[in-house]
Amino acid sequence: MPISLCHSFKGHKDKVWSTSVNPKFPLLATASSDKTCRLYNLNTKQLIEVLDEKTHKKAIRTVDWKPSGDYPILALGSFDATISIWGRENDDYEEYTTTFNTENKSDDWELMAIIEGHENEIKSVSWSCDGEFLSSCSRDKTIWVWECDETNEEFECVSVLQDHTQDVKCCKFHPREILLGSSSYDDTIRLYKQDIYDEDDWCCVSELTGHSGTVWSIDFEKTYNDDKVRLCSCSDDSTVRVWKRLKTIGNSKKEDVPSTLRSEPNSEEWELQQILPEAHERQVYCCSWSPTGKIASVGSDGKIVIYEEDKNNEEWKIRDVHELAHQVAEINSCEWWYNKDEEKEYLITGGDDGIVNIWNID
Amino acid sequence: MSDPINANPTVLDVSQLPSRVTFDKSVNGGNVAAIFQDDDLRDLLSLSLFNGNDDMKEFRVDPDGDVLSMSDPEILSVASSVDGSSSEGENDEDEPIDAQEIFDLVSTISDPEHPLTLGQLAVISLADIKVLNKKAKSEISEVIIKITPTITHCSLATLIGLGIRVRLERCLPPRFRITILVKEGTHQSENQVNKQLNDKERVAAACENEQLLGVISQMLSTCK
């Protein structure tokens, strides 16, 4: 079935780097080199607010909604090395939910905190599923884990992870488990957890190697049965790969894993499940795992590629390819949006043309 | 300024550099007048990149005249006046962008260290420019440039590469993907330099660094 364009948001004056759909409300946030973040109502497709260009001095690279709490809270990460936290407080939850179907609702968003610490450009931010932690990563080669208080105004750095040897391009928390993944210019993917003996300490539990270029982004599988954890990754080497955590942690059947690793409590075993069928010709900048189990990838070649897994043999296949999805522009981000009312999945992409597109994937 | 990294580079004379006129030598005889004509032609060709290009207008949307923006009113007005006065203007638009045109755009960039251009220092040579031009303007095309640093440990190779990238991103329509590589065996950290020069995120961040931009605009100030 073909991929068809459903809606275009044109408003950013420069590259769109990142988008985020609020898990509770029909809210879309988009981040751009034009130093603004735009908030849209996904029901009416109306612009709700522009988080202004005065807060960040440089491009806004990344955006992520906090998954927990009664009202929407947003984190923005910028090339100016700071993170800003925005929220819409003092709201009646029930009342706020109903406002999304009315037109022209004026909104009042508040800057709640500015977080400083990184030396240079922030590339990615991600909240943990319970909203307790926020992670951020930077060209300074580090990942910082911040603990968030209930007011969303105080953020305390609980750990600085320095395992990567180059820029950290992406950090992402698992949607159900307190497990943090990261990918880097050093071509590797790493996974982190809280130390089982000391929760204030975070440690690297696994390193995934195989990509032969910068790993631009990773995304975890959304379904979570039986501790089954998988992630997809995409890279400068133009491949998309799926990796899985082996069920039996620290008790591997594989001979080639050193025994010292097996007995280590703070370690996980991961293996490559599949390099997905070749579809991209250039750098792949973003990949996203849908709630119903599809994977989408986008990149420099302007293509949207959708992959689907054959449940019988766990073999991934290309389902659809859509060329020149942002005309000749590069595509920087893709993200799935599950519309609960329609029980239907859409894909949201952002490109160098400053446009954010919503796609029908039938 | 500290001691130059390469104090004594080989220098080519400008007349030795490839230009469009060398292909038409039989017609023009390669005399001085022909070179002047060639300059005009070059201007025309490079200016033709700026006008009438619809996808350009759509993509280069930054009103603040950002570094990567094509919306410089001065350039646009020059371009439109050329378009208006020349009946050949429309034909030029249909002419595909070739290696010579890319060479003309980047060979006049100044070396950050010497009062010479990248063409004169043979950092850029016509043979190391490859253009994969798709016929339709709605398709993605590609430019691959290999640069030859004057010495194998040249720490300015990344800066030179960045200057070339900024120049081409400013001048070429957005359908072009630009790949800049250090020529095989000409630099001791070839892979590192290549990786850096082709990382769009690092390039975008570098273009927001005022100090770096200052150096680059100086390098580009000798471009026609």
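For all residues, glycine too, the Cβ spot is worked out from N, Cα and C.
As written in TrEMBL, here are the features:
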REPEAT    A:9-50  repeat 'WD'
REPEAT    A:53-86  repeat 'WD'
REPEAT    A:115-147  repeat 'WD'
REPEAT    A:161-193  repeat 'WD'
REPEAT    A:208-244  repeat 'WD'
REPEAT    A:346-362  repeat 'WD'
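Mean per-residue pLDDT, taken over the repeat 'WD' (A:208-244), amounts to 95.
A Cβ distance under 8 Å defines the sequence-distant neighbours of the repeat 'WD' (A:161-193), meaning residues of its chain 6+ beyond its ends; these are 67, 123-130, 133, 135-139, 141-145, 202-209, 211-220, 222, 224, 229, 231, 233, 235, 243, 266, 268, 270. Long-range contacts of the repeat 'WD' (A:346-362) within its own chain (CB-CB distance under 8 A, at least 6 residues past either end) are made by residues 1-19, 21, 28, 30, 32, 34, 288, 290, 294, 296, 298, 302, 304, 306, 320, 322, 325-327, 329-339.
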